[in-house]
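Participant: This is the structure I have questions about; it appears just below.
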């Protein structure tokens, strides 16, 4: 018996980290996917060719395998499985690889066991896995990997799908990743030491996100770049940027981008840039030292 499922990666446009503190965020599914295939086996094996992982144990653990192990504990019986993961995105890139993996694995397990859950239940169960593994996580990543398209997550944790023209966007990523759990914990520690200041920062991120949402609903992309720059300044204040991420952000702007910012947890990973009329120039500039691509978005979530 064999079953498969795939889920898209994501780019957070506005609101990362603030979303952990019940602030809204906007994210879009990108056309890079994680596909998981599970099949009967005499013992449990996990193979992830893109990461060079071949792992055999009843309880996979360590790094990205923690998400697989927790999914099996919660949503599978004790029978052994052969699990193969095909990833079109680098792990730890800030593009939601762990969420896409978790959603795809839950989808594959549901099909394997003949279960039929709706997207809301799937997203909630995937979010539980991320919380268990990371200690804290917003529901945004798992929501976008489940639903696809564009998602606005409001302050009440309600998912609102919407349509909008995002204009020309570029994503670039580093060769090293930031550890999401460590970055989230770092922001939490700064919040503990400076609660009033950090509270105001999160409130301002909320205002930026809601302004972007209103403009996107009007299909007005003109202010997106400036709003990204404002959001980036606040991410820097949270302590999640690095020297090289900042270099990427400014290289994109110097090449003509209207705005650019970290996308994801930071500490490594990726940036996103709004590049009206200058996508090729920005991609060329960023590719001199990093890896960049035009952002192609996916309307499809879990399939």
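For all residues, glycine too, the Cβ spot is worked out from N, Cα and C.
Not measured: the values here are computed from a predicted model.
Annotations per Swiss-Prot:
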type: ACT_SITE; residues: 141; note: active site, proton acceptor
type: BINDING; residues: 90, 91, 92, 93, 94, 95, 96, 97, 98, 99, 100; note: ATP binding site
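Provide an account of the burial state, proximal residues and distances for the features listed.
Facilitator: In the three-state DSSP scheme, residue 141 (active site, proton acceptor) falls into the helix class. Counting only same-chain residues at least 6 apart in sequence, those with a Cβ under 8 Å from the Cβ of residue 141 (active site, proton acceptor) are 10, 27, 96, 98, 99, 130.
Long-range Cβ contacts of residue 90 (ATP binding site) within its own chain (separation 6+, distance under 8 Å): 50, 97, 173, 177.
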Participant: Taking 8 Å from the centroid of the Cβ atoms of 90, 91, 92, 93, 94, 95, 96, 97, 98, 99, 100 as the cut-off, which other residues in that chain fall inside it around the ATP site?
Facilitator: 9, 89, 177, 264, 269
Participant: May I ask which residues of the same chain, at least 6 positions away in sequence, place their Cβ under 8 angstroms from the Cβ of residue 92 (ATP binding site)?
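Facilitator: Non-local contacts for residue 92 (ATP binding site): 176, 177, 178, 179, 180, 268, 269.
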Participant: Which residues in the same chain, at least 6 apart in sequence, have a Cβ under 8 Å from the Cβ of residue 100 (ATP binding site)?
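Facilitator: Set apart from residue 100 (ATP binding site) by at least 6 residues yet with Cβ under 8 Å, we have 7, 8, 9, 10, 33, 34, 89, 145.
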Participant: Going along the chain, which residues six or more apart from residue 94 (ATP binding site) have their CB under 8 A from its CB?
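Facilitator: The list for residue 94 (ATP binding site) reads 12, 173, 177, 178, 262, 263, 264, 265, 266, 268, 269, 270, given in order along the sequence.
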Participant: Can you tell me how many other Cβ atoms are located within 10 Å of the Cβ belonging to residue 96 (ATP binding site)?
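Facilitator: Result for residue 96 (ATP binding site): 32 other Cβ atoms within 10 Å.
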